[in-house]
Every structure is written in structure tokens, then in C-alpha cells.
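Asker: Handing you this structure, nothing more for now.
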Amino acid sequence: MDSREIKSPADDLDTPASLELDGNSRKKLGVFFMESDNRRTAFGRGYTGGTTPVNIHGKPIADLSKTGGWIAAFFIFGNEMAERMAYFGLSVNMVAFMFYVMHRPFSSSSNAVNNFLGISQASSVLGGFLADAYLGRYWTIAIFTTIYLAGLIGITLCASMKIFVPNQDQCDQLSLLLGSCEPAKPWQILYLYTVLYITAFGAAGIRPCVSSFGADQFDERSKDYKTLLDRFFNFFYLCVTIGAIVAFTLVVYVQIEFGWGAAFGSLAIAMGMSNMIFFAGTPLYRHRLPGGSPLTRVAQVLVSAFKKRHVPFTKSELVGLYELPGRHSAVKGSGKIPHTDDFRCLDKAALQLKEDGGDPSPWRLCTVTQVEEVKILIKLIPIPACTIMLNAILTEFITLSIQQAYTLNTHMGKLKLPVTCMPVFPGLSIFLILCLYYSVFVPISRRITGHPHGASQLQRVGIGLFISILSVAWAGAFERFRRGYAITHGYEFSFLTPMPDLSAYWLLIQYCLIGIAEVFSVVGLLEFLYEEAPDAMKSIASAYAALAGGLGCFVASIINSIAKSVTRNPENKQLSWLSQNINQAKFDYFYWLLTVLSIINFCIFLYSAHRYKYRTEQTFEVRETDQNNPAEDT
């Protein structure tokens, strides 16, 4: 068919905007750059050099060689290591603290801690929003890490001062099991929950910003930028792993030897020290300007597109798709984003009509960059959503595998490891894999895929999801063997008695597999979200990963509740798959249910990854304006 060109009212104006119709009558919209910069936007005039790093005062950095790089990143790593140490330290010890000290039932204690874990991750979107909209990543980390420290100090006081806990006299092991110990007073529980959720609120602000802020320290114009970024995210997750290992070993040891106050106090001390290190690196940091409220920009696009939903692309009054001229961007802290043909209904938000006039409201006309920001956020959603199942498996392993470990022999030679130390093994496997990643995996996979980094970001996520299937399938197979062994050897009703001839280290296979899965999926996802996100929305995009982790906790709880209610039949005295007596339960059936769900999830991921196009694969031709144009100097 013939093609039509959408032109501005000035007939002699050369413009790349066009409306092409192919044989399938599909319209392809080009980008039309308006010649006037006199337009009221949500953030004033256009911004040049949107991704140019600035100092803490928002001024351009005269000598970039004196800032950023690995030295600045190392100051940031310490903050994340301490945050992860506190996060996992609380997740391991808080359930036991609530049961043994606060005299709360295991069920309510477990729910409270699961809510803490879920909220601290799911609410990371709030921290990402504040960082991208108003505060910037540095100040968001600075504020919320202080809140985190305050929460840890409050928890330490609760564990150290008798006034905050119920009377412990005449409360032995039997009294605890019978529930006859003095219960905590309502105000004591309220205090504990308050400081616990203050800690969760602090974590919500830190988690989406630390990885993005660390990645900001590297120059995206460097020829080695991709390699540096790839190594940064691997090293970043190595720090996360070290924090988890310390929490599962040293903090557990401190609790056993010196008590709860010392254990929680060690977490507060570690966070305080990391805060001092983070602030000490302030002169070295590179910053990105916050781009204003991303939710406002998203709302403007949706409202504008809705108002013009009935306007056809072939309307005679149509001027073109609106964008600021030259290198300007309407979004502070962002470069221009090329136009794509995805979600074309949103393109109507950028349709410039003659009736819009010379000074239209941003709630009626948006730039192409604004529209593409919304498109990117939507296109990113399926990938982190497919990691929710992986996070659900991780959550199940923390609780279910510990129940398995209680029935097994945890001796390593003459050394007997506490059951609460068992989650350290996934961390050790992650540590080992990250150390061997560049010397073993990358060279081998490079020969297979031809990719310079061994595998693309989405390929790494997919490898991790596939390995998670193997992990949970093995867990089901081993649990079937363990339960059969317990019944054969007379342990059917002695579910708290370790079986001396069956080692707990058979669990290492599923632990190591899930650790490998986490390395590939989470590291690949963090790098993918950072690189693919719009310049002014990188913290929010990074929060997608934390949000998936939080939703994984909630999904695990939902699956558990459904499995318990469906598989339990009191009339026939049939126990649920997740009965407290693990030797009579059907944990193997539950693991295989997770295997089936993981396979379905993996198929969905393959479909989503196949359809996704990296932003670097898209081409964007911008008509350069004359360097003497006054608009370029604003």
C-alpha cells in the first residue's frame, strides 16, 4: 500500500515523522520532534545530558576520574552486607525468640516473621519511588539505613531488658510445649512488633537503591561498561551471600553462647559500622538527579492516552508524536528513549493535535520519552514475575528443610551443627559458584552460546529457574526416601528424634542446587532490570526484584494454607501433607507439587523471554540540531 506522511503545519519543515502502512495494514509511527521548546511540562524545560553523573550538591563533576569506580562501590557494598546480615539474622532467630522468650505459639511467631520478610521486600517499591522521584538514591539509603539501625537498637533493647519480656521463672522446656509459661503482655508484644516493622521499613528503603547506586558509579560511556556492570552485580551478590553466611553461623553462635541481646546487638553494631563506612565514602560517589514523581508521569500518560483514545492516527488535524528537540529530555535525570510500536494505545498520549495549542497541559500531551517509560515498566513485569516461584521455593526450603534436619544426624565428624545453621549451606554454595563463575562457567558457556559474558541476562535467569526445578524435584525424591526410612526403622511417631544412621548432609544436594539457581536468576535479574529500566526509574525497576521476593513469601504461605486445607480430612483422621509430624506427613507430595508449578512457571518464562527485545537491539535515529541553536544551550 502507499504510505502517508504526517507533517507539521510548516510545509517546508523536514521531519522524520511518518505513518507507514504495510501489507497487513499495520501502522508504524515514527517520531516527530517539535521545533519549539516553549512548552509547559511537569518538570519545566528540557534537560540535557540526562544520565550525566553529578556530585552530592547536584553539580556536574569536573573530574570523573576522582569519583566512582570500584573504590566508591566498595563503600556501598558494606552497607548491603550489613543489611543482609541483619535481615537473615532476624529471619533465623526471631521465630525462636518469640517462642522461647516472648512465649508466643510457633504458628503466630512464624506468621509474624514471614510478614516481616514479605513486607520488607514487597514495600521496596516505596523506597524505589522516593529515590527516583525526590530524594535520589544516596539520600534514600542514608535516611532508611538510619531507620534500620534504630529498629535494630529497639530489638536489642527488647532482648536485653527484662521489662520488655515476660517473666522467665519456672518456664522450662515442658512448660513451653504445654503453653503454661507466663504470656507476654499486650504492650510488650506491641513494642516488639513496632521495632520489628520499623526495621522492615528501613530495609524497604535500602534494598532497591543499593544495587542501583553501586552500578551508578561506573561510566556507561566506557567501552568496558558491560563487563564492569556484569562483574559488579556478581560481586554485589557475593556481598549479600557473605552477610547471609555470617548471620547463619556467627550470629547463631553468639546467640547460643551469649544470649539473645548479644545476638541482636551484634546486628546493630554491624549496621552502625556499615553506616559509618557508607558516609565516609560520600566524596567519592557519583549521583543521578531524581527525575520527579514517576507515578505522576505514568498517570499523565494514562490520562492523556485515555482522553485521546478515540483519535485515529490518520486524523487530518494530527501534527505528529511529540518530543522535545535535539538532545533534550522532558524528564530530569533521563536521556531520550526511542519510540517503539509496543502498546500502541499508549502512543496516543503523545499525539500532537492542532487543537492542543502551543502550551498544552502535560495531562493532555506527553513526550515520546514519557510514553516509552511506561511501556518499559510494563514490558519488564513478566520477567521478575516469573521469579516469584523461585522465591517461594527458597522460602519453603528455609522452613521445611529445617524440619527435615531435625530428624537427621547433623554431626560433621565430632562437630554437631545446630539445625538453625543448615541454611548456611545454600550461602556457601552461592559463594563458591560466584568465585568460580568467571573461571569456569563463562569460558564453557561462551563456547556454546557465543555470548561474550557466557550467557545473556535472560538466559541466566532461565538457567536459574531450570536448576530450581531440579532442586525441588530432588527434595521430593529425598524426602520420600527419608520418610520411608523413618517408618521402616520405627521413627514414625518420633519426629523430633534424630535418626543416627541417616545424615542431614543429604540435604546439601537440594541446598546447593537452589544456591546455584539463586546465583543465576537473581544476579541476572538485577543486571537485567538495571540496564533495561528507564534512566529516571532504575530504583523502581530494581525494586521489582525485591517485590518478587516479597510476593514469593506470600505465595509460599498461600500454597501452604491451600495444601493444608485440601489434603487434611479430620473425618477419616487423614493428616495434611504438611502435618507437624513430618514422618507421617507427605512433604514429598508437596515438593512435587512445587515441581509441577515450577515447570509451568518455567514455560511461561520461556515464552516471555522469547518475546522480549533488549533496548540495545532497538534503533533510534534522532535528527541533530545545529549546535548554535539557542535551545541547546538552555
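Glycine is no exception: its Cβ is also placed from the backbone N, Cα and C atoms.
Bear in mind that the values here come from a model prediction, so they are computed numbers and not experimental data.
Heads up, here are the entries from TrEMBL:
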- 85-103: transmembrane segment (TRANSMEM)
- 115-135: transmembrane segment (TRANSMEM)
- 142-165: transmembrane segment (TRANSMEM)
- 190-210: transmembrane segment (TRANSMEM)
- 231-254: transmembrane segment (TRANSMEM)
- 260-280: transmembrane segment (TRANSMEM)
- 380-402: transmembrane segment (TRANSMEM)
- 422-440: transmembrane segment (TRANSMEM)
- 461-478: transmembrane segment (TRANSMEM)
- 504-530: transmembrane segment (TRANSMEM)
- 542-563: transmembrane segment (TRANSMEM)
- 589-609: transmembrane segment (TRANSMEM)
Asker: Report, as numbers and ranges, every residue of the chain located at least six residues beyond the transmembrane segment (589-609) whose Cβ falls under 8 Å of a Cβ in that stretch; write 'none' if there are none.
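Answerer: Residues 382-383, 386, 388-390, 392-393, 396, 400, 458, 461-462, 465-466, 468-469, 472-473, 475-476, 479, 559, 563, 567, 577-578 contact the transmembrane segment (589-609) from elsewhere in the chain.
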Asker: With pairs fewer than 6 apart in sequence excluded, do the transmembrane segment (542-563) and the transmembrane segment (85-103) have three or more C-beta pairs that lie under 8 Å?
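Answerer: By the criterion, they do not touch.
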Asker: The transmembrane segment (115-135) vs the transmembrane segment (190-210): three or more C-beta pairs under 8 Å (separation of 6 or more)?
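Answerer: Contact between the transmembrane segment (190-210) and the transmembrane segment (115-135): present, because at least 3 Cβ pairs are under 8 Å.
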Asker: Between the stretches 142-165, 260-280, 380-402, 422-440, which wins on the count of C-beta pairs under 8 angstroms to the transmembrane segment (231-254)?
Answerer: 422-440
Asker: Which of 142-165, 190-210, 260-280, 422-440, 461-478 has the most Cβ pairs closer than 8 Å to the transmembrane segment (380-402)?
Answerer: 461-478
Asker: Within the same chain, where does the transmembrane segment (142-165) have neighbours whose Cβ lies under 8 angstroms from its own Cβ atoms, ignoring anything closer than 6 residues to its ends? I mean 6 or more beyond.
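Answerer: Contacts of the transmembrane segment (142-165) (Cβ under 8 Å, skipping residues fewer than 6 from its ends): 79, 83, 86, 90, 97, 101-102, 127, 135, 184, 188, 191-192, 194-206, 259-261, 263-265, 267-268, 271-272, 274-275, 278-279.
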